[in-house]
Amino acid sequence: MTKWFLVALLALVGAQSPPDNQVAELTTRVEQLTARVAQLKMERDAALNFSLACGQFSADDNLLQQLTTRVEKLERERKLREKPRVAFSAALIDSRNWTNFGPYADDETLKLKKVIANIGEAYNPETGYFTAPVKGVYYFRVTGVVGSTGTLNAGVKRNRVNLIAIHHKAGTDASASNAMVLEMEKDDFVFFQMWRHGLSIADQGGITTFTGFLVSPM
């Protein structure tokens, strides 16, 4: 068919019919060009498919990055949830009546009975002790109001060793407060203690308090 197409084409341009050998040569050339065109189309399609594949790989990479970020976030949240939750706050009495404590002949551990919060149950109102459930960094604050003697001197001890103190001698309408950050081992204990000899502390509606919480486990 290609042969007669070439003969007709030559006739249209006024050429004489070429010899059969020329027609055969032209036919071969056309077939070669047709094959080349087909090959180029295949290469083009392959390149297009590769480009699409690369785009898919890129999309997969983006999805993988998003999933990785999400997993890392969930892991942080899991660790946060697993972090020990330890916090307490207690007042000396659960009453709105003015109540005085002291003076004492010996140092007296204050047993703060009005437990406002005790997350982790590390504070014992029967003993007044807070016992560290894990090794870590803790924060503590004490506030005391001067009692009937007009002089207040009390402090916080860890394992019976003095750490910080509060002091005031301005009369019964005065208070003092102090705080600290403390590194504790597991089972270390702290408590709020009144000191002896002419000292007193008072409470009314939760104005003498002991508070602490775990800042960070170690």
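From the backbone N, Cα and C atoms, a Cβ is placed for every residue, glycine too.
Per TrEMBL, the features are as follows:
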{"type": "SIGNAL", "residues": "1-15", "note": "signal peptide"}
{"type": "COILED", "residues": "23-77", "note": "coiled coil"}
{"type": "DOMAIN", "residues": "81-218", "note": "domain 'C1q'"}
Using DSSP, how many residues in the domain 'C1q' (81-218) fall into helix, strand and coil?
2 helix, 75 strand, 61 coil
Over the coiled coil (23-77), work out the mean pLDDT and round it to an integer.
69
